[in-house]
Every structure is written in structure tokens, then in C-alpha cells.
Amino acid sequence: MLPCFQLLRIGGGRGGDLYTFHPPSKSGCTYGLGCRADLCDVALRPQQEPGLISGVHAELHAELQGDDWRVSLEDHSSQGTLVNNVRLPRGHRLELSDGDLLTFGPQGQAGTSSSSEFYFMFQQVRVKPQDFAAITVPRSKGEAGGGFQPMLPPQGAPQRPLSTLSSAPKATLILNSIGSLSKLQAQPLTFSRGGGRPQGLAIPSQHGEAQVSPAPPTRNRRKSAHKVLAELDDEVSPGPLSVLTEPRKRLRVEKAALIASGE
């Protein structure tokens with residue numbers, strides 16, 4: 001038999017709701033009660049007037065003392081929390097005793113807590129371990145239980161072990177100025193416009209300054225084309241001169257023959 005404490009709902013015409021609490025840690029924990037089911041361990045959803053219960057209306061703080069749990073109630077609401085028909089000051093903690101009557105929200109229309117929708121009895125009990133399936137599990141495991149919680153994959157989901165991940169550096173694709181793709185591995189490479197071999201960049205020195213090797217001189221295609229044309233002109237130019245000089249020689253010979261025949 002393990003020590004636990006309970007909240008038994010006895011008011012509002014819906015009695016019989018029972019909440020059993022057994023903190024999982026001996027250091028204690030906190031249980032939230034309110035209309036926000038995503039923030040509280042016990043959801044108090046009013047059916048008559050929704051505005052009577054705050055998002056986090058109150059908190060139960062449990063601390064282990066000897067063989068039993070010491071439980072105190074703290075109010076965080078705007079409509080109030082009553083213990084034995086006495087309103088608890090907001091932000092004030094009150095230690096509960098076995099048999100105390102708790103009212104969350106204002107009193108009922110008749111002016112008594114018994115007519116309230118959320119009217120509970122607090123009691124200290126001992127529960128067998130086989131009955132722990134009905135115990136309310138707290139969202140907060142302790143006073144300092146809030147904080148980052150890692151997101152874990154669901155059970156049975158395939159997981160890749162970290163040992164299979166490759167430690168080799170990943171390749172990087174860079175688009176250079178002339179529109180070609182360069183694949184870089186451990187050492188970055190650059191490509192010249194003339195189609196030569198890739199030129200490697202020097203490894204940075206210890207002072208963090210990179211020494212870049214001078215790029216090869218670019219070729220001036222236009223200049224080389226003019227040079228070729230000039231050479232062609234030199235080769236072709238003697239041809240027409242020889243053609244023109246040959247008729248002149250023949251003309252002189254014919255003229256000399258006519259002069260000789262005229263004489």
C-alpha cells in the first residue's frame with residue numbers, strides 16, 4: 001500500500017468523479033487544475049458558465065513528509081477558490097487536511113459551495129500498486145519540472161545510427177563567371193577561360209591569410225587574328241607584283257623590235 005491523495009467530486013449534480021494522485025518522485029511535484037486541458041492535469045470544464053474557471057485555476061503542491069504526502073493548495077484564478085467555504089487569497093498556499101472541502105470558482109446560486117459545479121472532497125488514502133492504472137500522471141514532474149523536453153520519434157520508427165554517418169567533407173557546386181559548374185572537394189579549384197588545367201588555390205597560412213597563385217595570362221584572340229592576317233598578306237603580296245612586271249618586260253621587247261624594224 002502506497003500513500004496517495006484524492007479529489008472526489010461531490011457537487012454540481014455530477015458527483016462520483018475521482019482523481020487519485022501519487023507523485024512519481026519523492027521530491028514532490030505540482031498538479032494544475034483549470035479549463036485549459038493542454039496546461040492542466042485535471043481539466044475543469046464548466047457546463048453552465050464557461051467564464052467561471054480560469055485557464056490554470058489552482059495548483060496542488062505535494063511534498064513527501066514521512067510516510068504521507070503534504071499537500072497545499074494555491075489559487076491562481078480571478079473567480080476564486082474556497083477551502084471549507086472560506087475564500088483562499090490569490091497566490092497564497094494553504095496546507096490541506098484529510099476531509100477538507102474544496103470549491104473551484106464562486107459559490108452556487110443558493111450561496112453554498114455544495115451547489116457549485118466544482119465541489120470536491122480532499123482525502124488521504126493508501127492505494128495498492130495494482131490500482132495505479134487509475135492514478136493521474138502529472139504534466140510537471142517537480143517544482144522545477146518545466147523546461148525543454150526533447151522530441152523523440154515514435155516507437156518502432158526506423159532510426160539511422162550515428163555511426164553510419166560519413167565524416168568525409170561534402171562536395172560543393174559553384175557557378176563561375178562563364179557559366180560552367182565546378183565541383184569542389186577538400187581543396188577549392190578554379191578553371192581558366194582558355195580550357196587549361198584547373199589551378200589550385202594555396203592553403204591558407206597559419207595567420208589566416210590565403211596566398212593565391214597568379215592566374216595564367218589571358219590570350220588576346222583578336223590580336224592573334226591580326227597577326228595571322230598580316231602573315232597572309234606577306235605571303236600573297238609577291239604574287240601580283242610578279243604578274244605585273246612580266247607584261248612590262250614583254251612590252252619593252254616588242255617596242256624595241258618595232259624601233260629596229262622602223263629603222
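Keep in mind that glycine also has a Cβ here, set from the backbone N, Cα and C atoms.
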### Query
So which range, 90-114, 140-164, gets flagged region 'Disordered' in Swiss-Prot?
140-164
### Task
Please work out the helix, strand and coil residue numbers for the domain 'FHA' (31-88) from the DSSP assignment.
3 helix, 27 strand, 28 coil
#### Entry: Neighbour tally for SER78 (phosphoserine), based on other Cβ positions within 10 Å of its Cβ
11
